[in-house]
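Read the structure below first, then the notes.
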Amino acid sequence: MLYFARWKVAAILGVILLGVLLSLPNVVPRSAIPSWLPARQISLGLDLRGGSYLLLEVDLNAVVRERLESLADGARTRLRQANIGYLNLQAQPAANSLTLRVRDPAQTQAALAALRELANPVPVGGGATAPDVELASQPDGTITATLSEAALRARAGGAVEQSIEIVRRRIDETGVAEALIARQGQSRILVQLPGVEDPNRIKELLGRTARMTFRLLDENANLQAAVPPPGVEFLEGEQPGTRYPVRRRIEVDGANLSDARAGQDSRNGEWVVNFTFDSVGTRRFADITRQNVGRPFAIVLDNKVITAPVIREPITGGRGQISGNFNAAGANDLAVLLRAGALPAPLTVVEERTVGPELGADAIRAGLLSLAVGAAFVIGYMGFAYGLFGWFANLALVVNILLLVAALSLLGATLTLPGIAGIVLTLGTAVDANILINERIREEVKAGRPPISALEAGFTKASGTIMDSNLTNLIAMACLYVLGSGPVRGFAVTVAIGTIASMWSATVLVRLMVSAWYRSRRPKTLPV
Amino acid sequence: MFLSRPLFRIVPDNTQIAFMRGRVLGIAFSALLSVLSLGLAFYPGLEKGIDFRGGIIMEIRTQGPADLGALRGAMGGLDLGDVGLQQFGDDSTVLLRLPVQGQEGEEGATQAAVNAVRGALEQAAPGARILRTEAVGNRVSAELFANSLIALGMSMLAMLVYIWFRFEWQFAVGAIVTLVLETTKVVGFLAITRIEFSLTTVAAVLTIIGFSINDKVVVYDRMRENLRKYKTMPLRQLIDKSINETLNRTVGTSMTLLLSALPLALFGGDALSGFAWTMVFGIIASTSSSIFIAAPILLFLGENRLRRGTEAPAPAAPPGAAPRR
């Protein structure tokens, strides 16, 4: 137990050296570190450096609703083309389905065939795909089209992934450095914005779907009518009190934009957004404008008509301008949103935590003070209560903290305020192993064993207990990690790593120190 | 060198306290405290933090001492529901609480409330700064609360299985009963001190659970060892002996942990003080229960089962009754 082969001693010293090297990037500037070393360092959590944490939820119901609406639109067109009369075409978002009744039940099969073509394939695992719509019919001609379970899952997953991408682009546009955007759970997106003290603007940017569409107006519709004619909807304009009869059919989608910039109109100095279509958009826009010269069209953003100009001449260059009573900030924001693309579904902020840098600095100061006082207390207690072996344990404790810092750096972990508390508590739990060993050695000495065998027995017999007792700490921290939310997770990780590091430093390292001391002194009695 | 020898020892050698003599009293007292604590959890109840209750909190620092009355007057007119204001740390820092704003999913209500507070603050206390804003929706807070209870339950279950696996089932039951008694007392402590029950408090409770079981494992380990070593010693005497032998270690480890938790409570700032005081209380509770509760419970469960025939030496240890290793 007390004999260490030369390579073992070297390995132990190597681990300590590695710990020092890996911890270095936290205290010395990056330029002073040789390039072969991983120059990772512990990053400070938002609660310490200040910043904003947002938890966004993707409205998956909206995704389903939208798919059902497009199914309904498709069904209308297909059934009309096939000359099939129908009644009561209704989307039922609660049941994820669409129902209609065919007027002549004899045409049910024809209707089913027409509707079947509306289904999109979705992956169902194993490389296979299945239609996303399941059709069912009844003898009276009632047809139910239900979105399949796999389709709902695929659509939800896709919507969240796409939202993350859009959120990332929008935040990148605002110039926030080191923003962290990640998926959390089924339908949530976590956004961390270091250094952002007032997340108001970012929340506004993220809160807009920014779906822009170019559509034609129905000039014959009666705006006073209670129900718009089929295929038309009444949408409000930017100015209060204005309403437009907009055709549901989307001629060109905002997804076909390749660029959008805020600018000032050279004639009247008004703020406008200049946009450029991609090749598909350019072609479609040219076609539409060529066929509809003299008619008005609408630019619709999130179900509001921004502007509805009359087409004076075909626009074939793929460039256009949106003018709609913008100020500089409004035009800029719209340009950002159009560049970044539309969200597949609305986002809501369900949790928000913002900490100013002042409070973070206070927290760091308080944390460091507690760490210093805690270390002084524990080191003093161990030294005075256990003598020489206590001081060995203290040395190991310092190495333990060093290894903890090294491991956190290597993982690129984030240090939060609870994380600092974890480090301080590690001070207290780490020496437990040494207390166990010391008590054991003392008992063996009292039982009349000579020093060398008392030392051997102490280390050997205590090791099982140390294993057992530390495992319970790790179990508790695993539970905490699973519960996990940001800062608290940081605590769990810190304590867990500290516990593992202490199992090594308190046993192996202290044993090495005791062995070196014993071989140089050959003491007749042990200082326990 | 004077430092090379121990200067003091908390528990003198050959301490032989007959802990078992007070076992009924100890367990009864502990159970009484736990029942009272549970009562306190319902009335007056726990002060749920924003994590679990939802709503908005803002930490505000005013120039010079804050005039709570004026601030309350200014916030009262905003029609934001029940506005709570309290001193937080020094007297120029104020914590403001608002209930959840608007309907779930209604965008902008939170931001509107924050902006309204900001405006009112400008009027009532010019130059005041908002240091921190936290807003948690109803659904998220309900989830966090449920997750916390799950984590607590899961950790207890994991400890039960672990100890069952490593020791006899009597040990596992003893440990879990002790753990439940302890955790309920921590709940009572939270209710009395009005420390907020939040995610960090749950972290403290989980840490205490880990530490507490660690403590019990050490005592149990010694009992198992002594069961093998002293085949004829009555269980009651054996438990006392094991507790006494590990007493200095139990107290020593609690001491070092306490010495690290106390600075956190004293200097760790307002954000950590709730966590740290909960830890301090938990450490004291779990240390005393390791001594007075965990081992004595074994005596009730295991008098005849842990080792058949404690008084008279058994003819042969029946299979399964001998301590496993």
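Positions of Cβ are set from backbone N, Cα and C atoms, glycine also.
For reference, TrEMBL has these:
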type	residues	note
DOMAIN	B:121-303	domain 'Protein export membrane protein SecD/SecF C-terminal'
TRANSMEM	B:24-43	transmembrane segment
TRANSMEM	B:144-165	transmembrane segment
TRANSMEM	B:172-192	transmembrane segment
TRANSMEM	B:198-219	transmembrane segment
TRANSMEM	B:251-269	transmembrane segment
TRANSMEM	B:275-301	transmembrane segment
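Of the recorded ranges B:24-43, B:144-165, B:198-219, B:275-301, the transmembrane segment (B:251-269) has the largest number of C-beta contacts under 8 angstroms with B:275-301.
Comparison of B:24-43, B:144-165, B:275-301 by number of C-beta pairs under 8 angstroms to the transmembrane segment (B:198-219) places B:275-301 first. Tertiary neighbourhood of the transmembrane segment (B:275-301): same-chain residues 19-20, 22-23, 26-27, 30, 170-171, 173-175, 177-178, 181-182, 185-186, 189-190, 193, 195, 200-201, 203-205, 207-208, 211-212, 215-216, 219-220, 223, 235-236, 239, 242-243, 247, 250-251, 254, 257-258, 261-262, 264-265, 268, selected by CB-CB distance under 8 Å and a gap of 6+ residues from either end.
Residues 180-181, 184-189, 191-192, 289, 292-293, 296-297 of the same chain sit 6 or more residues outside the transmembrane segment (B:24-43) yet have a Cβ under 8 Å from a Cβ within it.
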